[in-house]
Every structure is written in structure tokens, then in C-alpha cells.
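Here is what Swiss-Prot records for this protein:
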- Gly14, Ala15, Gly16, His17, Ala18, Gly19: FAD binding site (BINDING)
- 273-287: NAD(+) binding site (BINDING)
- 625-635: compositional bias 'Basic and acidic residues' (COMPBIAS)
- 625-644: region 'Disordered' (REGION)
Amino acid sequence: MAYYGGNYDLIVVGAGHAGCEAALAGARIGAKTLLLTLNLDQIALMPCNPAIGGPAKSHIVREVDALGGEMGKNIDDTAIQFRMLNTRKGPAVQALRAQADKIKYQERMKYILENEENLLLKQETVNQLMIEDNQIKGVVTKDGTYYYCEQLVITSGTYLKGRIIVGDVDYSGGPNGQQAAYGLSEDFKQHGISLMRFKTGTPARVYRKSLNFDEMEIQHGDDYPWRFSFYHSSERLKQLPCYLTFTNYETHKIINDSLSRSPLYSGRIEGTGPRYCPSIEDKIVRFPDKSRHQLFLEPEGLNTQEYYVQGMSTSLPLDVQERMLRTIPGLEEVEIMRPGYAIEYDCIDPTQLELTLEHKQISGLFFAGQINGTSGYEEAAGQGILAGINAAQKIQGKEPVIIKRSQGYIGVLIDDLVTKGTQEPYRMLTSRAEYRLILRQDNADLRLTELGYQVGLIKEGNYQKFKEKLEKIESEKERLKSIKLTPNKNVQNFMEEHNTSGLKKPTTLFHILKRPEISYEALEYFDETRPDLPLEVTEQIEIQIKYEGYIDKQVEQVQRFEKLEARLIPDDIDYSQISGLSIEAREKLQTYRPRSVGQANRISGIDPSDISVLMVYLEQLKQRADRNQASHDDSNTETGENDD
């Protein structure tokens with residue numbers, strides 16, 4: 001029986017990492033928001049690894065934070081280990097990673113959502129969309145409730161027609177023992193939304209009391225109080241170590257002997273799996289010459305015995321999982337609490353979306369997270385906050401927000417999805433960002449806080465802290481330019497001690513800091529009256545000075561790139577009328593409908609010659625429009641319409 005559930009500005013379907021950010025962004029900007037989810041006890045669930053961050057992913061977390069999102073704050077409050085990765089490499093690829101207490105992570109996020117003004121949570125299963133004249137009107141739930149809205153964000157994760165596979169057993173289900181959702185997939189097809197079928201997997205969870213940590217290498221976190229959030233600080237929870245061990249010949253033999261029972265190799269798994277997070281059986285087959293693979297035993301929380309076996313995702317039968325785990329040092333008597341499994345699920349082809357994450361044909365319908373073909377909590381959160389912002393902007397009649405590739409990893413992620421599409425679960429990598437030297441995790445606030453403030457997600461107090469930080473950075477850089485060291489015995493000894501050449505003439509501290517061997521901290525020897533500045537400020541000063549030349553070159557590249565981005569393509573352009581385009585280019589341009597020449601240039605199969613033809617055609621359109629405007633102006637003058 002039909003039941004009226006109410007009217008809302010914004011409805012978000014799904015309360016995973018994308019849905020949480022979308023709902024919070026919409027509500028905080030001022031939209032009356034409803035968040036619908038299959039299970040209110042599984043909000044912000046971490047069904048795979050118990051961690052946030054890592055290479056490229058930490059960049060996204062800090063960008064979400066800079067925009068005014070919640071993920072960074074949530075992990076800062078619930079982490080049980082922090083480690084800065086790639087510290088021996090340059091700042092562009094350094095990445096913060098934190099182990100999470102999964103239960104506390106969920107509890108805190110649920111608390112934040114429940115106490116957010118303008119936001120209401122309900123446990124419901126959405127089966128249908130209400131669409132009239134290509135405009136979203138609301139949703140219909142499994143129990144027949146009708147909820148109406150102006151804008152809708154779908155963040156359904158891996159639940160659509162989810163199928164769990166362990167060996168020769170498979171059944172309907174979502175991740176971590178949850179139920180699957182079936183209605184929406186069929187409804188999407190009814191509305192012409194193209195679907196794909198992807199697969200992902202997870203390792204077994206094992207009993208702590210069955211592990212022998214003496215046979216493993218202990219890995220402690222960093223003592224330095226790292227945090228993801230620029231605008232939030234909290235006391236750390238008790239910190240726990242992780243443990244490193246390795247597979248071996250016996251492990252590999254068991255896996256090879258059991259491949260006939262692997263659903264991955266028997267053809268029982270049809271969905272496409274992630275290239276950058278392969279199962280252990282896939283690793284053994286693809287890299288037969290590798291004698292061992294590293295595994296990390298990661299705690300899932302302070303008050304649980306469950307440990308996550310990172311690096312050993314599998315869908316092999318349970319008996320095989322047990323036998324192969326027991327060949328590993330430290331796991332000889334291991335007990336499995338939850339077996340590893342593969343999950344197949346429906347997702348949409350993301351090329352159907354605009355850069356705002358709104359559907360190209362259905363107004364008011366947004367998609368974010370794994371439904372768009374991505375993998376990872378962080379990638380989901382990045383999409384979620386942008387979808388929520390744009391839904392709220394549309395409700396208020398404001399311009400949409402598009403994050404450029406030169407502005408953030410979120411921009412790279414979304415541009416890749418909607419421009420190129422993906423044939424496998426998309427994972428963010430630093431190598432995907434062509435401007436990674438200026439898209440570092442340490443400067444996410446400098447890049448995106450202004451935008452977060454403009455849309456209403458950054459509070460006034462935090463914005464003033466941000467402005468003060470900018471002032472401190474610029475002031476200190478100018479001060480360093482004003483202080484010179486004159487070559488003398490003391491200075492030359494200092495240079496020699498730091499394995500760098502001596503000075504030949506008076507040189508400013510600013511230019512001395514450009515030397516890779518000299519740190520800002522080391523210069524205190526000659527600069528005892530310097531101001532007391534926090535690490536986040538001195539870090540920026542040092543990076544900006546040391547990499548100034550490289551950064552300037554990348555800024556020039558961005559400026560050239562933005563010229564192509566500024567060449568907008570009319571929405572009503574008919575590519576069949578452009579002579580000189582290749583057949584493939586014409587078909588792809590007609591399908592993807594890029595908004596700019598820059599975006600067209602990134603579509604696979606579009607050659608430089610096609611771009612040249614397109615630019616000539618756009619110039620002809622512009623000249624024709626200019627002539628028509630001039631003719632119209634002359635006509636008005638002759639008829640006296642412009643007289644006072």
C-alpha cells in the first residue's frame with residue numbers, strides 16, 4: 001500500500017563513505033536532507049581494509065577536509081595507528097595512512113549524522129526512482145513509501161544485485177554479511193541508465209589469540225602526532241602495532257593446486273576485478289617467479305580479536321583458505337573468524353555523468369562512490385562531497401562546482417571517470433595526476449579551503465585560521481629573503497657539516513634553503529630570533545622554496561591546459577556536421593558530449609588531428625555568431641532602435 005513519506009530538498013540513498021559526505025554537505029549548506037540506508041547499524045561501514053589514506057588516497061581525504069567534509073576528522077578521532085609513507089621520496093608522493101578502529105569509526109560518523117541540523121536518517125530499501133519529463137521527483141521504497149525531493153544522490157556502493165562467492169558456494173548478499181539490493185538495478189535499466197558488472201574481494205579475518213606475533217616483524221606507527229584534518233584536533237586513542245609476514249613456496253603450492261576450485265579461474269566470476277588490488281591467487285598466477293608476497297596483519301579495533309590479513313584477498317574455498325594461511329610464519333595455528341570472499345555487483349557507466357556527477361539526461365539525479373565504478377573509501381568520499389555540494393547548489397539556484405584536474409585529485413578522479421570511463425574498479429594513483437607536484441597532500445587546504453568557504457562548508461573560525469596560515473607562510477618567506485649570510489669560517493663549517501658547497505658571496509636564507517641538504521630547522525643556527533611557527537607552516541615554507549622552479553614550470557603547464565579547458569563546446573553541437581573528424585572521433589564525441597576542448601582531448605580514441613578539426617569548427621561558429629551579432633546591431637541602428 002502506498003504511503004507518503006514527506007518532501008525533501010535532497011535525498012541521499014546509501015550511507016557508506018560517499019553517502020555520508022553527500023548528506024552532510026547538503027544539510028550543512030542548508031538543504032532539508034533525508035538519508036536512506038539499508039541498515040542504520042552499518043553506517044560508514046569498512047567492509048574491506050580497516051584503514052584510511054595511503055598513496056593518492058590521503059590526498060583525497062585532505063581535499064575532502066579542506067572542502068569541509070567529515071572523513072578526515074572521523075579517522076583522526078578513531079585511528080589506532082598513524083604512519084607517514086614514502087618519507088624518503090618527494091613531497092608529491094608522501095602519504096599519511098591510519099589504521100582505524102572500525103567500530104568506533106562507524107559510531108562516530110553515525111553520531112555526527114544523527115546530530116546534524118537539516119538531516120534525517122531512515123532505514124529503508126529504495127526500489128524505484130520517480131522521474132517525470134527527465135526530472136527527478138523522488139524515490140519509492142520496498143515497503144511502498146513515496147519520498148519526494150528536488151535532487152537525489154545515489155551512493156549505493158556494492159549492494160546492487162550483490163553476489164557473494166566463496167569457492168563453489170555463492171549467494172545473494174552485500175559486503176560483510178549485509179543484504180543485497182535488487183530493485184534499483186532493474187529500475188535504472190527502465191530509465192536508460194547503462195550498467196556494468198564489477199567484482200572486488202576481501203581477505204579473511206583471523207583470531208588474534210591464534211597468531212604468533214614472535215614469528216612476524218612488528219611495525220609500530222609514527223610517534224609524531226599526524227592528523228588528516230586541517231581544522232580539527234583530538235587526543236589519540238591507544239595506538240596498536242601491525243605485523244609483517246610473508247607467503248612462501250608451500251603457500252603458493254596449495255594455491256596452484258587449488259586453482260580448479262577458484263571461482264576466479266573456473267569462470268564462475270563474471271565481473272571485472274580491480275587491477276591494483278588483485279587476489280592472492282591472481283598474484284601467484286601472474287607472478288610465478290616471485291618466491292614470496294608480503295602480508296600485513298592489521299588490528300580491526302581496540303576491543304576486538306579480529307585481524308585483517310592485508311595482501312591476501314581471496315575467494316578460494318574455506319578449507320583452502322585455512323590450509324594456505326597455516327603455511328605462513330606466525331599463522332601456523334590460525335583460526336579464521338570470517339572467510340575471504342569475492343563480491344560481484346552492478347555499477348553504472350560513469351560516462352553518463354557530467355563533471356558535477358549529475359546524470360546528463362535526468363536532471364537532479366546524481367551518482368557518487370562505487371556505483372560509479374570506483375574502489376576505495378576515499379574515492380567514494382571525494383565523489384560524495386562534490387555530489388552533495390552540487391545538489392545543494394542546484395537547489396539554491398547557484399552555479400555548479402567543478403574541481404579541475406589542476407585543483408585536486410578529486411578533479412582528476414571525476415574527470416577520468418566521466419571522460420574516459422573505466423573497464424575495472426578505478427583506484428586513484430599519484431601517477432594519474434599530471435600536476436602532482438602542486439597537488440600534494442600537505443597543501444590541500446591551500447588549494448580548496450577557499451572553495452569550501454564559498455559554498456558554505458568551512459566555518460568562519462576555520463576560515464580565519466586558514467587566512468592566518470597563509471599570512472604566516474608569506475611573511476616568513478619575505479623575512480628569509482631579508483636575512484643574508486656572509487661567507488666566513490663559521491658559515492663555511494656549517495655548509496661542510498651539511499655536505500653542501502660553501503658560499504661564494506652574501507646569500508639570503510631564502511636561497512640557502514633551496515639547497516636539498518639544508519632544512520628550515522637547520523637554519524635556526526643562524527636565525528635564533530625566528531618566529532615560533534607550527535610544522536604545517538614551516539613545511540609549506542620549505543617545500544615552496546625548495547621546489548619553486550619545478551612548481552613554476554607546473555603552473556605554466558596548468559595555464560596552457562586551462563586554455564583548452566576554457567574553449568567550451570556548445571551543448572547543442574552536431575558532430576555529424578563537422579567534416580574532417582574521424583568516424584571514431586565523431587561517434588565518441590556524440591556519445592560523451594564533452595563540455596570543453598580540453599575534456600574532448602582526454603577521450604580515448606580522439607587524436608590531435610580531430611582536436612584541430614574541432615577547434616577550427618568552433619572558431620568558424622564563433623565568427624559566424626560575431627557576424628550575425630554585428631548585422632543585428634547594424635539593423636537596429638538603421639531603424640533607430642538605439643536612439644535615445
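For all residues, glycine too, the Cβ spot is worked out from N, Cα and C.
Val285 (NAD(+) binding site) sits 34 Å from Ala18 (FAD binding site), counting Cα to Cα. Taking each Cβ in turn and tallying the other Cβ atoms within 10 Å, the top scorer among the binding-site residues Cys277, Glu281 is Glu281. The most densely surrounded of the binding-site residues Ala15, Ala18, Val285, judged by C-beta neighbours within 10 angstroms, is Ala18. Same-chain residues with CB within 8 A of the center of the Gly14, Ala15, Gly16, His17, Ala18, Gly19 CB atoms, the FAD site residues themselves not counted, are Val12, Cys20, Glu21, Ala22, Thr37, Ala44, Thr155, Gly157, Ala368, Gly369, Ala380, Gly384.
According to its DSSP assignment, Arg275 (NAD(+) binding site) is coil.
Around the Cβ of His17 (FAD binding site), 32 further Cβ atoms fall within 10 Å across all displayed protein chains. For Gly19 (FAD binding site), the nearest of the binding-site residues Arg275, Glu281, Phe287 in terms of C-alpha separation is Arg275.
For the binding-site residues Arg275, Lys283, the ranking by surrounding Cβ atoms (within 10 Å, all protein chains) places Lys283 first. Taking the Cβ of Gly16 (FAD binding site) as reference, residues of its chain lying under 8 Å away and at least six apart in sequence are, in sequence order, Ala44, Leu45, Thr155, Gly157, Gly369, Gln370, Tyr377, Ala380. According to DSSP, Gly19 (FAD binding site) is assigned to a helical segment. In the three-state DSSP assignment, the secondary structure recorded for Phe287 (NAD(+) binding site) is coil.
The two recorded residues, Gly14 (FAD binding site) and Lys283 (NAD(+) binding site), show a Cα separation of 33 Å. Nearest in space to Ala15 (FAD binding site), taking C-alpha to C-alpha distance over the binding-site residues Gly273, Arg275, Ser279, Glu281, Lys283, is Gly273. Here the Cβ of Gly273 (NAD(+) binding site) has 21 other Cβ atoms within 10 Å, regardless of which shown protein chain they belong to.
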